[in-house]
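Following: one structure in structure tokens, then a few remarks.
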Amino acid sequence: MIETYNQTSPRSAATGLPISMKIFMYLLTVFLITQMIGSALFAVYLHRRLDKIEDERNLHEDFVFMKTIQRCNTGERSLSLLNCEEIKSQFEGFVKDIMLNKEETKKENSFEMQKGDQNPQIAAHVISEASSKTTSVLQWAEKGYYTMSNNLVTLENGKQLTVKRQGLYYIYAQVTFCSNREASSQAPFIASLCLKSPGRFERILLRAANTHSSAKPCGQQSIHLGGVFELQPGASVFVNVTDPSQVSHGTGFTSFGLLKL
């Protein structure tokens with residue numbers, strides 16, 4: 001009987017770093033990270049400190065310069081005449097530059113103010129107002145959402161806008177009327193934008209017409225007029241209609257205005 005003997009192979013030793021080595025690597029990593037953070041913080045502190053030192057040095061130089069000027073004025077013998085003359089010359093140059101810059105700034109501000117005064121914004125927007133008069137010229141009032149920018153444009157006699165400055169103006173008008181009221185004739189309803197210049201006859205700038213309607217209840221129709229015209233100082237513009245009794249004076253229906261371009 002043959003007995004076989006199998007010898008078991010020895011177990012392989014566990015691979016990997018020892019615990020002491022792992023601890024050392026961990027501490028080294030923490031140290032490096034801490035050192036980088038500390039270096040960054042120190043760099044920021046050093047930069048701010050250098051800026052502060054630079055400011056203090058500049059202030060100190062300014063103080064020394066002003067102190068030297070004071071000593072030159074008091075006539076202290078510790079300074080030579082040549083140094084005093086040179087320092088005074090530098091100081092006078094600085095003061096001269098400051099005064100010139102100040103004068104230039106004042107001139108620029110004054111020019112801007114004069115420019116604004118020379119080209120003020122001129123605008124007007126007025127609302128229609130019912131009138132018992134039978135005149136064909138529509139009446140207007142400064143009410144509701146009206147605009148009257150300044151005294152360079154005025155509403156005179158409640159019927160015409162008068163400008164006091166020459167220039168190009170955009171003039172507009174909207175007239176809303178009831179088209180099915182009994183009219184004296186079958187002629188269309190006509191709205192005209194008219195100009196009255198000093199020493200000249202009245203003339204029509206724009207005109208629009210709309211036909212009557214038999215629709216009931218009252219059929220509202222609107223006429224729009226608008227254009228750009230050259231106006232002289234003292235010129236007046238107004239709106240003329242064929243039948244003012246048909247004009248609707250409700251909110252936003254009929255309005256009139258101008259704007260200087």
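Each residue's number is its place along the chain shown, starting with 1.
Cβ atoms are placed via backbone N, Cα and C, with glycine included.
Taken straight from Swiss-Prot:
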{"type": "DISULFID", "residues": "Cys178-Cys218", "note": "disulfide bond"}
{"type": "CARBOHYD", "residues": "Asn240", "note": "N-linked glycosylation site"}
{"type": "CARBOHYD", "residues": "Asn240", "note": "N-linked glycosylation site"}
{"type": "TOPO_DOM", "residues": "1-22", "note": "topological domain 'Cytoplasmic'"}
{"type": "TRANSMEM", "residues": "23-46", "note": "transmembrane segment"}
> In Å, rounded, how far does the Cα of Asn240 (N-linked glycosylation site) sit from the Cα of Cys178 (disulfide bond)?
Replying inline: 16
> Which of the three DSSP states, helix, strand or coil, fits Asn240 (N-linked glycosylation site)?
Replying inline: strand
> Taking DSSP three-state, what's Cys218 (disulfide bond) in: helix, strand or coil?
Replying inline: coil
>> I need the most crowded of these disulfide-bonded residues: Cys178, Cys218. Count other C-beta atoms within 10 angstroms of each C-beta and give me the top one.
In response: Cys178
